[in-house]
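Student: Mind having a look at this structure? Questions to follow.
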Amino acid sequence: MTNDNSGDVRLSGMSKTYGSFTAVHPLDLTVPQGSFFALLGASGCGKTTTLRMIAGLEEPTSGNVSLGDQDVTNLPPYKRPVNTVFQSYALFPHLDIFENVAFGLRRRGIKSVKKQVGEMLDLVQLGEQARKKPHQLSGGQQQRVAVARALINHPKVLLLDEPLGALDLKLRRQMQLELKRIQTEVGITFIHVTHDQEEAMTMADTVAVMNAGRVEQLGSPADLYENPQTTFVANFLGTSNLIEAEVDTKSGDEIVLRAGGGKLSLPAARCSAPTTTGGKVLVGVRPEKISLTHAEDAGGIPEDRNRITGKIADSSFIGVSTQYVIDSPVCPEFEVYAQNIDRDARLVPGAEVVLHWSPAHTFGLDATQDIDAGVETVGEEASA
Amino acid sequence: MTTVTEAPPPLAPTPQKKPPRRRGRLTPYWLLLPGILWLLLFFALPMVYQASTSVQTGSLEEGYKVTWHFATYWDAISEYWPQFLRSVLYAGTATALCLLLGYPLAYLIAFRAGRWRNLILILVIAPFFTSFLIRTLAWKTILADGGPVVGALNSLHLLDVTSWLGLTAGDRVLATPLAVVCGLTYNFLPFMILPLYTSLERIDGRLHEAANDLYAKPFTTFRKVTFPLSMPGVVSGTLLTFIPASGDYVNADLLGSTDTRMVGNVIQGQFLRVLDYPTAAALSFILMAAILIIVTLYIRKSGTEDLV
Amino acid sequence: MSLVRWLKRHLVVIAGLLTLGYLLLPNVVVTVFSFNNPKGRFNYEWQQFSTEAWTDPCGVADLCGSLALSLQIAVWATLGATVLGTLIAFALVRYRFRARGAVNSLIFLPMAMPEVVMAASLLTLFLNMGAQLGFWTVLIAHIMFCLSFVVTAVKARVMSMDPKLEEAARDLYAGPLQTFVRVTLPIAAPGIVAGALLAFALSFDDFIITNFNAGATVTFPMFVWGSAQRGTPVQINVIGTGMFIVAVLIVLAGMVISGRRNRQKA
């Protein structure tokens, strides 16, 4: 990556309101040149509006958009060095693939487009289809045309609005890798809007999780997953077990919490909430970090691990792992994913068990938040 | 409103998409029978009678006989070619004007009207219910000699221009070609606007955004994306305007003079007043053939079947 | 924003509204002149305000009779054309059969034909058969030219309909007739209604074909045509304005009702 910053996208205080509804709260954000940046959130969280404001398709109510050192807030879309891959592609149905890809070049007065278009179509492996009309191509091919049509203009920034939403799961995986490959190859800034957390984590260097018009947290996928700062991020990215606990003692970089009858240890650095003795904190742990031991073997668990007792309510076998739902006094539906390495035949519904995990995998959140924020409901999953 | 261009069917039905067979193979024929019989009896058969009438000779008193007298056609053309020419010119001009006037309104309804969309649509359609004859008569008042419209055109010296072009005579608009074209344009404007609106409304708004995003300025977006995508509407709108306008005689009669008679006026006069049936039938037959040729060429040329 | 920029931005709106004005101007004139008290036989020049014609819309001999006749013909023509056209549309969309191409062309041709040609040829047929021109010949002609428009309207609707719906109905124990009555017909209804409305409007306002084939029968457009030669009573403006208002009210009422129904569903 170069030190050239002409592909930086800088949003300062950018907001959008429709009447009394605020789609995007004043937003400050910098996307560095050459990065693959994802805006992740449920539908209606303001991510697409943000993207459209960067593209110039929507006028911000307040604030500025800059590309590199240039303020582009008042430039119409056709004057911005930014291109978009639209949701369901918006390919021109009356033009063939070649002309679709050549569209932007021709508009900028470039006469000899043949070579460039040919190369671009080869890049997306559609050289053979140049004279077909969009409706004659499959969904995946149309998607690649949309990418080619935008990329051929060498934009400073490529915006992708749910580009894989219309594809089936297998093709989506394939295209995720394909897009990532293209991005590495051309090295321009990609801003990708998606509601699919797995897609965002697979492709992006940096993910911004948006909720209700605000960026909840921004960071690398691993950072977001391991150190969620809000319940929304904890629940929206993967699954989290959240327990309400009370601060018992604080000593140095360790906080000891009381939950139910037991005590849990939490590294102070992994707690984003203010902690005063006696105050409430939400303690979180990811299901795959937890080990499950039958109550009879509880003696063998090392002393320094956090532990909770419970009873298996349900278990489902899914090949690589088994997912357990544990009914425990501190949390009625504790989820545990256990790798199927050595399966303990006693771990069946009804069995008394001890859950235990390393304190280093524990995180603490502000207890004033909605504990269920970001939990996907059945309806949302169906639409996803 | 329906679009005429939808009507020409795909002649080869796609073989793999066979609908399920229901209640025997005769069902479609029973469904078709009454309507098709009606069209055969009262649309197709009359054409045959008309064709035969056109080659008959005789008189009203003695009756007519088929004598294969094709000279009627030649006589009809050589006598009435000015009226034919006028029909094509007036109808063509009116069609072009309808497209020019109708496109902005159709565009307005489709993209810019917001919550007024339905109201404007109603206002476009509702005049149909005031008999078009009454509305055409209203143009007599609007274009009246010495009225405000003529006065305004006169003070802007536009009438001098139109007189020079042969569209008006002196300081009159009424009883001139301009009045007839104005009436034709007015009468068939909704037939242009509605198909245009239908095809504009179908255009995915994101295509405009995509064009904008790909460096097309608003007018380029219109020229390269919106207009080509509205071609089906343009084609059916121009046909729905041109065809009835070319056969119309009401506007020429009410707003024009003997110098603005169109072929429709001649056919009507020959049939209903002069009672020279062979000549009238021949004229009608020529008009029909001309229209069919124009329509076929036009549909071929515009290549609408190529559009999605 | 400068005036030039504003004009540039709203150019299409301004042009569109001008066209709308052009379309509505005659209706304004018709309405204004329905309150005129003309001097001579013709109602083309403004004299003075009067509500006389509105208090007595049938005050001219034969006017309301012709209106009633037009409405009667329009109702029967609509009924006939809608039934025949709907049957054809279903046959065309739902079945494959030989002569489809010919049938489609036969449907298309009346729409691609100037009215005067159809009018003239139909008259030659009636003359040759020695038919008595009048109510029946007009009705026959109206059904003929409305038919194609109904077919196109219904066809468009039935084509956009998912055939799986009918399969689902049959899967859920509906027989062929029940499937048609309970599923197919309700879904096709908007297309049928649109076709019927179009047929009504076309028939009610038709002049050219009626002019050729009516004989001595006088429909409302024929009455107006006649009065254009002999003298235009103010009452025809009253009727014209009344029809315009009634049409707008009916459409608005329909929109309010369907809007409310949609809101209830949501």
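Glycine too: its Cβ is placed from the backbone N, Cα and C atoms.
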Student: What range among B:141-161, B:225-245 does TrEMBL record as transmembrane segment?
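Tutor: That would be B:225-245, per the transmembrane segment entry in TrEMBL.
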Student: Most CB pairs under 8 Å with the transmembrane segment (B:88-111): which of B:29-49, B:118-138, B:174-197, B:280-299?
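Tutor: Answer, by Cβ pair count: B:174-197.
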Student: Can you work out which residues elsewhere in the same chain, 6+ from the ends of the transmembrane segment (B:29-49), have a Cβ less than 8 Å from its Cβ atoms?
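Tutor: Answer is 288.
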Student: Go through the chain and flag residues at least 6 beyond the ends of the transmembrane segment (B:118-138) whose CB is under 8 A from any CB in it; none is fine as an answer.
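Tutor: Tertiary neighbours of the transmembrane segment (B:118-138) are 105, 108-109, 183, 186-187, 190, 193-194, 197, 250-251, 254-255.
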